[in-house]
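Read through the structure below, which is laid out as structure tokens, and then see the notes.
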Amino acid sequence: MVQHFDTLLVNIGQLLPMESKGPKRGKEMSELQLLEHAALGIRDGKVAFIGTMVEADTFTANQMIDCQGKLVTPGLVDPHTHLIFGGSREHEMALKQQGVPYLEILKNGGGILATVEATRAASEEELITKAICHLNRMLSYGVTTIEAKSGYGLDRETEWKQLRAAKAVGEQHPIDIVSTFLGAHAIPTSHRNDPDRFLDEMADMLGEIKEQNLAEFVDIFTETGVFTVEQSRTFLQKAKERGFGLKLHADEIDPLGGAELAGELGAISADHLVGASDQGIQKMAAAGTIACLLPGTTFYLGKDTYARARDMIDQGLAVTISTDFNPGSSPTENLQLIMSIAALRLKMTPEEIWHAVTVNGAHAIGRGDTAGQLAVGRAADVVVWDAKNYYYVPYHYGVNHVHSVWKKGEVVYERRRAFEGLSISR
């Protein structure tokens, strides 16, 4: 039967649909769907056909795109970012290299306090403009959906400002943004001796945030020196009662019990997990909580111990990975680089990595029905890669392999070819 499309991508070398009814868990992460010599049809911004070139032989289209044997995948999903912030902290890199402890940097007004101060000082429009620049970079690396957290305000006024900025940016930019309220990111100096009162103040914001639809999820930093398991439980239960999905920054340094709490409360994800215990991993697996691993942060901080991705996958967890884009511990928008670090340091296979940055990332932010997959009837969020196979992207690290990015069936990014047509005489 002859079909007609708005756009037909043909001569695809490898096509990864990543179609799944739920997140891929454990051994399922190694079971990769793969079509070779494939075609993909787009109509009205949605995927209308996925199949082989033989099947597509008689199809017509308003525009026919010859992929010339390239790899095609869903748009990538970055499920943990701190997109909205003021300032930057490049001067701290040299201090860290000189062995200056973080607490000393913090004492001198650096660290997260510097970002809090800069974010408080920035106007909402300045935050929006800055965020769009970061989103443009993310888009260029093949990312079409992200999660964005507040958390650099640590006061009512600035947290509101961050949430409003995230919503405004999402309305202006092709990348879809899922917003998370992380008011409980750290203990501000004003409440150093009374963190419970600070958490009460943040909890008082929940009702209005929900009414204004400024966030879908609530997160808290459960870690030694920040918020205890009990404080986190109380705060997250209040969020759950308001109808928010739950997330945790859990056990980044110490096995405090954040992973166990995530499983207990049925959180959609627990993130970091470098110090997660065996019991915590088991509780997360039993609850269906997704492990969001952030190896770029471990890499940037120069630490040797990474999250135990292999143990998590072997125990049946769904694992995703993310940039953790932020100005202090992971200043990168490059999710492709994180894929390489996941291969080299987390010992994840290419098949596991592709599930982590597509379908599992989407489910970790409540977008399993709209992102991270290519299936008939779904939005045509597509990446065409300058690669012949899916192994190549994590293998050739530090390089942007994106040829073009499509959002809802339209090209929103295409990499310029600076050397195309250049002849070299010998």
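Backbone N, Cα and C atoms are what each Cβ position is placed from, and that goes for glycine too.
Here Swiss-Prot flags His80, His82, His249, Asp324 as Zn(2+) binding site. Here Swiss-Prot flags His80, His82, His249, Asp324 as Fe(3+) binding site. Residues or ranges marked as 4-imidazolone-5-propanoate binding site by Swiss-Prot on the basis of sequence analysis: Arg89, Tyr152, His185, Glu252, Ser329. If you look up Swiss-Prot, you'll see Tyr152, Asn326, Gly328 marked as N-formimidoyl-L-glutamate binding site.
Structural mapping of features recorded in Swiss-Prot.
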residue: His80; record: Zn(2+) binding site; Cβ contacts under 8 Å, 6 or more apart: Glu147, Lys149, Asp271, Cys292, Leu294, Ser322, Thr323, Asp324, Ala364
residue: His82; record: Zn(2+) binding site; Cβ contacts under 8 Å, 6 or more apart: Ala148, Lys149, Gly151, Tyr152, Leu182, Asp324, Phe325, Asn326, Pro327
residue: Arg89; record: 4-imidazolone-5-propanoate binding site; Cβ contacts under 8 Å, 6 or more apart: Gly110, Gly111, Ala114, Thr115, Pro327, Gly328, Pro331
residue: His249; record: Zn(2+) binding site; Cβ contacts under 8 Å, 6 or more apart: Leu182, His185, Asp219, Ile220, Phe221, Thr222, Glu223, Gly258, Asp271, His272
residue: Glu252; record: 4-imidazolone-5-propanoate binding site; Cβ contacts under 8 Å, 6 or more apart: Glu223, His272, Leu273, Val274, Gly275
residue: Ser329; record: 4-imidazolone-5-propanoate binding site; Cβ contacts under 8 Å, 6 or more apart: Thr297, Tyr300, Leu301
Query raised in the report: Can you give the largest Cα to Cα distance in Å, as a whole number, for the residues Tyr152, Asn326, Gly328 that bind N-formimidoyl-L-glutamate in the record?
Result: 11
Query raised in the report: Per DSSP, to which secondary structure element type does His82 (Zn(2+) binding site) belong, with helix, strand and coil as the options?
Result: coil
Requested in this report: Check Asn326 (N-formimidoyl-L-glutamate binding site) against DSSP and tell me helix, strand or coil, would you?
Outcome: strand
